[in-house]
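Asker: Quick paste of what TrEMBL says about this protein:
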- 1-35: region 'Disordered' (REGION)
- 113-134: transmembrane segment (TRANSMEM)
- 146-170: transmembrane segment (TRANSMEM)
- 182-202: transmembrane segment (TRANSMEM)
- 230-251: transmembrane segment (TRANSMEM)
- 286-306: transmembrane segment (TRANSMEM)
- 318-336: transmembrane segment (TRANSMEM)
- 348-365: transmembrane segment (TRANSMEM)
- 372-393: transmembrane segment (TRANSMEM)
- 413-432: transmembrane segment (TRANSMEM)
- 453-478: transmembrane segment (TRANSMEM)
- 482-504: region 'Disordered' (REGION)
- 494-504: compositional bias 'Basic residues' (COMPBIAS)
Amino acid sequence: MAAPPAPATEGSPQPEPHVREPGPGSARRGREDSRASRLSFCTKVCYGIGGVPNQIASSATAFYLQLFLLDIAQIPAAQVSLVLFGGKVSGAAADPVAGFFINRSQRTGSGRLMPWVLGCTPFIALAYFFLWFLPPFTSLRGLWYTTFYCLFQGLATFFQVPYTALTMLLTPCPRERDSATAYRMTVEMAGTLMGATVHGLIVSGAHKHHRCEATMTPGPVTVSPNAARLYYIAAAVVAVTYPVCSSLLCLGVKERPDPSTPASGPGLSFLAGLGLTTRHPPYLKLVISFLFISAAVQVEQSYLVLFCTHASQLHDHVQGLVLTVLVSAVLSTPLWEWVLQSFGKKMSAFGISAMVPFAILLAAVPTAPVAYVVAFVSGVSIAVSLLLPWSMLPDVVDDFQLQHHHGPGLETIFYSSYVFFTKLSGACALGISTLSLEFSGYKAGACKQAEEVVVTLKVLIGAVPTCMILAGLCILMVGSTPKTPSQDASSRLSLRRRTSYSLA
């Protein structure tokens, strides 16, 4: 029997446990780990398909919900402001709640995150349908739409947080995660394009300009039953995508088993993890910069249709402009992925600023040729503004985990808190901007608006997004950004995830 090792004396060198000299075996294991970390084309596509329903619904609400509430439901602008603000705030408040419950959930046969996606699917489909339903009563319509918009945003959060956090559990390889993110963004935008096209084509008959030419009354125009029926059909088509795409996600993507084993000590609580993540400087800079940028994109999307309808003679080009924005976003996403890989993520951020001069140009010269050019450039800028934070966030998570000895599950806190802050900024931006329409004298359902309303829409489509984008880019450019971890760093992170504490 071998003698036990002599006890170490004070001052004697302590041998590091589990340290092995590199050899052919370790190189072979490294190659095997690299092959195991690769994601198949089918996995990446199915992962992207899983996010399509939320993007279709978000695109439809971003472009058409405000117009629907003002001109079809004929709710006063002040109530519309409360609907939009309340819905966005409920979605934002649901993010930390979702992160808390997801972190405390136990792994099942289909994983730890996947059951949340599947469980939310039927309820969010119903909430979305009733969001576009025109109730027979008129006095409480504001409460009706506030309730279902809050439900939709909250359920969409419980769907989106585990879905986006799934990126960290697909593979430990940062390059493969970036590739999966690019596939997700491309497939989501393609689905958004198809969904917005179908939604826009269906409801276009509800906003024919001849309905205003046929009446000389200055008040609101009576909504025909056909207009309401068109919105019902469009809502049902979008709602069906939730169960279909969620099924494909479940069949095509297998969540990697969480290899962490519970330690004897207490784990890290959600609130403690949230405090640590919000004090991480790279994460703070990323969140604050995209608070402004994401709010600018939401304002630009929300007021494009209203601007074309009431502040210019572009009401016949609404569908074409929306399609131009989405087509350019879809086509430019692979290009931006190449730019991200070739020139770095910080350099790619300058692509967001391309929207600035063209947004001002549209407000000054609202003609059809200018509008289509602005729509194309806006789509290019929106593509990089959506792709960039989701590509930078995994690097921020890895940078945090390299500096702190904490276990898996923190990626959910990073993702949920990021979505929380961006939704909160969007809620404030949309709520305040819609309230400005009320102050300027917007008349719900009226064919012709006052000149003050026209000026307000021009400011909202041009000056407001410009200021927010420039502010966000200035914050993002200050200081350094986390680098993509090297292969050795990725191996250390993978080892740490296998040996660290799990969240309590």
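Here the Cβ of each residue, glycine as well, is placed from N, Cα and C on the backbone.
From a predicted model like this one, the values you see are computed outputs, not experimental measurements.
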Asker: Any contact between the transmembrane segment (372-393) and the transmembrane segment (318-336)? By contact I mean 3+ C-beta pairs closer than 8 Å, pairs at least 6 apart along the chain.
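Answerer: Contact between the transmembrane segment (372-393) and the transmembrane segment (318-336): present.
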Asker: Report yes or no: does the transmembrane segment (182-202) come within contact of the transmembrane segment (348-365), defined as 3 or more CB pairs under 8 Å with a sequence separation of 6 or more?
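Answerer: No, the stretches stay apart by this measure.
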Asker: To the transmembrane segment (453-478), which of 146-170, 230-251, 318-336, 348-365, 413-432 is linked by the most Cβ pairs under 8 Å?
Answerer: 348-365
Asker: If we skip the immediate neighbours and take only residues 6+ beyond the ends of the transmembrane segment (348-365), which ones have a Cβ under 8 Å from one of its Cβ atoms?
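Answerer: Residues packing against the transmembrane segment (348-365) from afar: 293, 296, 300, 307, 336, 339-340, 371, 373-374, 377-378, 380-382, 384-385, 388, 458-459, 461-463, 465-466, 469-470, 472-473, 476-477.
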Asker: Where else in the chain does the transmembrane segment (286-306) make close Cβ contacts, counting only residues six or more beyond its ends and a cut-off under 8 Å?
Answerer: 59, 62-64, 66-67, 70, 318, 321-322, 325, 352, 355, 359, 375, 378, 382, 385-386, 389, 392-393, 396, 417-418, 421-422, 425-426, 428-430, 433, 457, 460-461, 464-466, 468-469, 471-473, 475-476
